[in-house]
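According to TrEMBL, the feature signal peptide maps to 1-23. Residues or ranges marked as beta-D-galactose binding site in TrEMBL: N89, R90, H193, S194, Y195, D262. Under the heading active site, proton donor, TrEMBL lists H193. According to TrEMBL, the active site, proton acceptor annotation covers E327.
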Amino acid sequence: MSNFFIFFCFIILALGNLAHVSSEDKLGIYELKKGDFSIKVTNFGARIVSVILPDKNGKLADVVLGYDTVKEYMNDTRHFGAIVGRVANRIDGAQFTLNGTHYKLDANGGSGAYTIHGGKNGFSQVIWKVKKHEKKGPSPFITLSYYSADGEEGFPGAVLVFVTYTLSEPYKLSVTMKAKALNKATPVNLAQHSYWNLGGHDSGDILSDELQIFASHITPVDKKLIPTGEIVSVKETPYDFLSPHVIKTPIKELPNGSKGYDINYVLNGYKSEMMKPVAVVYNKKSGRVMKLSSNAPGVQLYTGNNINNLKGKGGYIYQAYAALCLETQGFPDSVNHPNFPSQIVTPGNTYEHYMLHTFSTKKD
């Protein structure tokens with residue numbers, strides 16, 4: 001009888017462990033809430049699916065673009081709210097050479113001309129494990145993890161990735177991204193790809209928002225939006241946001257018929273791995289302000305130029321310029337430009353990328 005009891009207990013424990021593993025992998029939406037400030041995250045792509053904030057009059061609104069269901073995110077091609085990787089942005093020719101070995105990647109962009117955001121699936125179209133979730137309390141947070149196998153999308157080496165979203169006072173959202181190279185040297189460049197509209201996701205375009213970016217230089221690009229390898233000044237160009245001004249004015253002056261911004265800014269002090277100011281966005285109608293800081297060397301400004309008749313939350317139809325992305329990152333195509341900051345992580349070492357969003361309101 002005692003042997004049967006021991007066997008029965010063993011079976012119960014085993015089933016409990018299986019249930020625990022499956023619960024980590026189960027698709028879901030998880031909330032973090034601190035007073036009238038809340039966000040929701042799905043473990044499909046470790047995505048932020050909502051950020052709800054008060055405006056200058058205390059009225060709440062969701063200030064990121066997205067969809068109503070996880071299923072819709074599974075068909076998403078815009079990377080709404082996702083963690084993108086293993087290498088964010090573009091890699092020219094979908095190839096690079098590292099330590100004498102040539103690697104061919106999934107050429108998912110530009111009709112096979114380059115790799116973008118890590119490949120067809122990357123980190124945005126996969127299920128992450130929920131490691132820990134505290135919905136409320138002094139600092140609500142969620143930590144998710146993903147194991148990227150050796151050879152995934154063509155990249156060398158296995159990588160264990162973690163992302164943590166945390167809320168703190170007053171109206172602060174921090175994002176911590178870490179990736180440990182387990183057995184081979186590999187490039188790592190993660191980015192958080194939320195689309196921000198401080199007026200509310202359904203409030204129209206962001207062209208009248210005021211933007212400041214703490215960057216005196218950009219990495220210019222060719223027609224494929226691949227960096228040329230140069231680092232050039234923004235002075236006397238439509239890329240100059242050193243002083244805050246509305247977005248719509250310089251868009252008309254962009255070269256080569258560009259419909260909007262999709263460019264990497266070289267942050268002032270980019271050689272330092274310390275936290276540094278990145279950008280400030282101000283929506284006058286709502287009074288909402290977002291200040292962003294990061295330890296990354298660059299930030300991609302994207303103004304949603306290619307969004308067209310896209311059905312989003314609540315059936316609202318998103319159009320061009322419905323939001324802006326401020327994706328802190330390493331420089332695009334760094335693996336093919338030795339003069340750019342290296343993104344190579346060697347075995348046993350850990351890539352660390354931090355973002356801090358501080359929200360506030362102001363009245364004119």
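Just so you know, glycine gets a Cβ as well, placed from its N, Cα and C.
No curator has checked TrEMBL annotations; they are predicted automatically.
Sequence features, as recorded in TrEMBL, placed on the structure.
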{"residue": "N89", "record": "beta-D-galactose binding site", "DSSP class": "coil"}
{"residue": "H193", "record": "beta-D-galactose binding site", "DSSP class": "strand"}
{"residue": "D262", "record": "beta-D-galactose binding site", "DSSP class": "strand"}
{"residue": "E327", "record": "active site, proton acceptor", "DSSP class": "strand"}
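Maximum C-alpha to C-alpha distance over the listed beta-D-galactose-binding residues N89, R90, H193, S194, Y195, D262 is 19 Å. The local packing around S194 (beta-D-galactose binding site), expressed as other Cβ atoms within 10 Å of its Cβ over all shown chains, amounts to 27. Between S194 (beta-D-galactose binding site) and the residue listed as 'active site, proton acceptor', the C-alpha separation comes to 8 Å. Taking the Cβ of E327 (active site, proton acceptor) as reference, residues of its chain lying under 8 Å away and at least six apart in sequence are, in sequence order, V84, A88, N89, A191, Q192, H193, V299, Q300, Y302. There are 24 other CB atoms within 10 A of the CB of H193 (beta-D-galactose binding site), with all protein chains counted. Sequence-distant contacts of Y195 (beta-D-galactose binding site), defined as residues of its own chain at least six apart whose C-beta falls under 8 angstroms from its C-beta, comprise V64, L65, G66, R78, F80, G81, G304, A322, A323, L324, C325. The number of other Cβ atoms within 10 Å of the Cβ belonging to D262 (beta-D-galactose binding site), over all protein chains shown, comes to 18.
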